[in-house]
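Colleague: Got a structure for you, written out below as C-alpha cells; questions coming shortly.
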Amino acid sequence: MASKLLRAVILGPPGSGKGTVCQRIAQNFGLQHLSSGHFLRENIKANTEVGEMAKQYIERSLLVPDHVITRLMMSELENRRGQHWLLDGFPRTLGQAEALDKICEVDLVISLNIPFETLKDRLSRRWIHPPSGRVYNLDFNPPHVHGIDDVTGEPLVQQEDDKPEAVAARLRQYKDVAKPVIELYKSRGVLHQFSGTETNKIWPYVYTLFSNKITPIQSKEAY
C-alpha cells in the first residue's frame with residue numbers, strides 16, 4: 001500500500017449522513033476527521049481573530065464568507081501536514097476548492113446523494129446541542145433522555161433550518177454551490193458518488209473504496 005498521505009474530502013447536503021460516514025472512516029482507517037463546523041466552534045469559543053470574524057456572520061444568520069473559512073482551514077491543515085485526513089464541510093465552494101489546490105492535491109472525493117424525502121425526514125428528527133455541536137437523531141441515535149444532551153444534561157434544540165420548509169431551501173442552496181465543486185473533482189477523476197437512503201447500505205462501498213487506497217487499522221468494518 002502506498003505510503004503517500006491520503007487527502008480525502010466528503011461532500012453532501014445537510015442530513016446526508018456525512019457525520020456518521022466520517023466517524024466510520026476515521027475509526028476504520030485512522031484518518032483525521034477535519035470538520036469546518038468543529039473548527040469554527042473552537043475558534044469562536046477561544047475568541048481567536050478568525051473566530052471573531054466568523055461570529056459576526058453567524059450571529060446575523062449569514063453564511064461565513066469564503067475568505068474567513070479558507071483562512072481558518074488553511075491554518076488547521078498547516079498543522080496537520082504529516083497526517084492522513086478527511087475534510088468535512090470544506091471545500092464548499094469553487095473558491096474554497098481552488099484555495100485548497102494551492103496547498104495540496106486531493107486524492108479522493110466522496111459525494112453522498114440522498115433523496116430529498118429522506119433528507120427532510122432525517123432533519124425533522126434531528127436535535128442538536130449547540131455548544132458542542134453534538135447531533136442526535138430520534139430514529140438512529142436518540143439521546144438517553146428525550147430532549148437532553150447525554151454528556152452535559154443541557155437541553156437540546158431543533159434548529160429553525162431543520163424544519164421542512166427550510167430544508168428545501170437549504171438543499172437548493174447546497175446544490176447550486178456544490179455543483180461546480182463536484183464538476184471540478186469529477187473532471188479530475190477523483191470523485192466517487194454514492195446514492196441511497198440508508199447510511200448502513202452505502203457504508204460497505206465507501207469502506208471498499210478506502211481499503212483500496214489505505215490499509216484499514218481494524219481487521220473488519222467497525223460500525
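In case you wondered, yes, glycine gets a Cβ from its N, Cα and C as well.
As listed in TrEMBL for this protein:
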- G15, S16, G17, K18, G19, T20, R126, V135, Y136, T199: ribonucleoside 5'-triphosphate binding site (BINDING)
- 35-64: region 'NMPbind' (REGION)
- S36, R41, L62, L63, V64, G89, F90, P91, R92, Q96, R170: AMP binding site (BINDING)
- 125-162: region 'LID' (REGION)
- 126-161: domain 'Adenylate kinase active site lid' (DOMAIN)
Colleague: Where the record says S36, R41, L62, L63, V64, G89, F90, P91, R92, Q96, R170 bind AMP, what is the longest distance in Å from one Cα to another among those residues?
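Modeller: Taking every pair of listed residues, the largest Cα separation comes to 21 Å.
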Colleague: For the region 'NMPbind' (35-64), find every same-chain residue at least 6 residues outside the stretch whose CB is under 8 Å from a CB in it, and list them.
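Modeller: For the region 'NMPbind' (35-64), the nonlocal Cβ contacts are 19, 22, 71-73, 75-76, 87-90, 92, 132-133.
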Colleague: Which one is it: of the binding-site residues G15, G17, G19, Y136, whose Cα lies the shortest distance from the Cα of R170 (AMP binding site)?
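Modeller: Its closest listed neighbour, by Cα, is G15.
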Colleague: Among all protein chains shown, how many Cβ atoms are found within 10 Å of the Cβ of R92 (AMP binding site), not counting that one?
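Modeller: R92 (AMP binding site) is surrounded by 18 other Cβ atoms within 10 Å.
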Colleague: For the region 'NMPbind' (35-64), would you mind checking the mean pLDDT of the predicted model?
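Modeller: Averaged over the region 'NMPbind' (35-64), per-residue pLDDT gives 90.
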Colleague: Give the residue counts of the region 'LID' (125-162) per reduced DSSP state, in the order helix, strand, coil.
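Modeller: Its residues divide into 3 helix, 12 strand, 23 coil.
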Colleague: Would you mind splitting the region 'NMPbind' (35-64) into helix, strand and coil residue counts from DSSP?
Modeller: 21 helix, 1 strand, 8 coil
Colleague: Compute all pairwise C-alpha distances among G15, S16, G17, K18, G19, T20, R126, V135, Y136, T199, the residues listed as binding ribonucleoside 5'-triphosphate, and give the largest one in whole angstrom.
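Modeller: Those residues reach a largest Cα separation of 16 Å.
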